[in-house]
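Presented below is the structure to which this report refers.
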Amino acid sequence: MKIDWASLGSVFGVSLVVTVGLVALFTLGIAGLSRRERATAQGGSATLAVTGAYVCFAACAAAVAYGISLIVA
Amino acid sequence: MENFSLILAIVVVTALAFDFTNGFHDTANAMATTISTGALKPKVAVAMSAVLNLVGAFLSVEVANTISKGLVDESGIRPEVIFAALVGAILWNLLTWLVGLPSSSSHALMGGLIGATIASAGSGAVHGDVLVTKVLIPAVAAPIVAGVAALLATRLSYTLGRKADGKAAAKGYRTGQIASAGLVSLAHGTNDAQKTMGIITLALVAGGAVAPDSDPPTWVILSAGLAIALGTYLGGWRIIRTMGKGLTDLQPQQGFAAQTSAATVILASSHLGFSLSTTHAVSGSVMGAGLGRKGGVVRWSTATRMFVAWGLTLPAAALVGALAETVTGLGDWGTAAVAVFLIASSAAIWKLSRREVIDHHNVNAADEPEPAGVVTQAIAAVTPPPAGTVAEGLTATIPAPPATAQSTEPAAGPAAV
């Protein structure tokens, strides 16, 4: 009996990194948007935070697109 | 060779019935967190999942082909064996649904196939080491991998998102959850609808209706996709409730982390060649997300019931499959007896489920007020499934009429709860 530890390990590693990375990116994006919400409430603006947020979301969207391409392929 | 025999027709119908139970059993995987955190209304969630499952069914036939070409030796298999396997899988799916426990439909199917094959061709026909590497290890690994990933992701999300609040955050988490739940649904459609296509194609090959090594015919793809989508839309609300509310209480951040982890694990595993069960991955990630929040709790009594169900899935489905195969081996009346038995026990289980209806109205209603009741229910609910399957086996060896009469008995166990 041969257990394929290598592929199990890579599944574990990839899943861990991708999940944590994606959630972190997404949370940062949301934090950026919340900052804008607070800033507008006080009459200011938060251009940097908003730009950062959209970069984060774009990265997440790319990951989703990659996921779909994996499913379709 | 247009000998589309009666037994073949029965197998196809049974396979579609299995596909249907698979759909409503696994809606929870994609949508339980989305429903319990309120990201989507229950009906909208299951509708979306159903559509994506249907779409997924049409995307490729790769999984179907691995089943119909090579998993089992096509030359030696008779349609009756497949029928017996499906009977085992369907009954186990229905029983776990009745007690509201998520369990792997793939394991049920594999268990049924293994049992029926053993009964038909002897134990030499099953490869023990394949069983360990393809079934046991993934079953243990999936919840751990998904759970650890979800736990860390949840921690991080709460740390990074301390200042994330207000409308923007709520809307953001909602969108994120919907996207990751959609991915899980799509992946599920490509995987599980295709398992049924593979089974039907296998049966058609075994019955001589199509040439060996052919792709699934279009009507097979269409009907399998529709069956799983219909099952998904009707929704296994019992399982959704367990997964979304029973295991732990999820906030939007947790729901997002859990669903992202599940989607990642499912995609990573199927593309790195170490296939993990969707159900196990999602359950693990929900528990991980539960543990990841400060003050979050996992209800271990519910989790334990679920683990017991996982452990029993394969042997229980195998047992039913083996007995069904033995009975069908007795001749055409045996096959008829098994068919009648399957219909009767399915009807009995459905009838029992009506005593305590769970649907989209009360799917989120299971709050924590009565821990004592939960524990007693857990104890009561863990015992019936094995007892039920054994009793079914006994009745299955008896010709049709008594089987119908007694088939209400195994189901009477859970009802006593």
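Heads up, the Cβ atoms here are built off N, Cα and C, so glycines get one too.
Noted in TrEMBL for the protein shown:
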| type | residues | note |
| --- | --- | --- |
| TRANSMEM | B:6-24 | transmembrane segment |
| TRANSMEM | B:44-61 | transmembrane segment |
| TRANSMEM | B:81-101 | transmembrane segment |
| TRANSMEM | B:108-126 | transmembrane segment |
| TRANSMEM | B:132-153 | transmembrane segment |
| TRANSMEM | B:218-240 | transmembrane segment |
| TRANSMEM | B:307-324 | transmembrane segment |
| TRANSMEM | B:330-350 | transmembrane segment |
### Query
With an 8 Å cut-off on Cβ pairs and a sequence gap of 6 or more, do the transmembrane segment (B:44-61) and the transmembrane segment (B:132-153) reach 3 or more such pairs?
no
### Message
Would you say the transmembrane segment (B:218-240) and the transmembrane segment (B:6-24) are in contact under the rule of three or more C-beta pairs closer than 8 Å, pairs 6 or more apart in sequence?
### Response
yes
#### Entry: Region pair the transmembrane segment (B:218-240) / the transmembrane segment (B:108-126), three or more CB pairs under 8 Å
no
### Candidate ranges B:81-101, B:108-126, B:132-153, B:330-350 - greatest C-beta contact count to the transmembrane segment (B:307-324) (under 8 angstroms)
B:108-126
### Task
For the transmembrane segment (B:108-126), name the stretch out of B:81-101, B:132-153, B:330-350 with the most CB-CB pairs under 8 Å.
B:81-101
### Message
Using a Cβ cut-off under 8 Å, which residues of the same chain at least 6 positions beyond either end of the transmembrane segment (B:81-101) come close to it?
### Response
7, 10-11, 14-15, 17-18, 21-22, 24-25, 108-109, 111-113, 115-117, 119-120, 199, 202-203, 206, 236, 238-239, 241-242, 246, 305-306, 309, 313, 316-322, 324-325, 328, 335, 338, 341-342, 345-346, 349-350, 352-353, 358, 381, 384-385, 388-389, 392, 411, 414
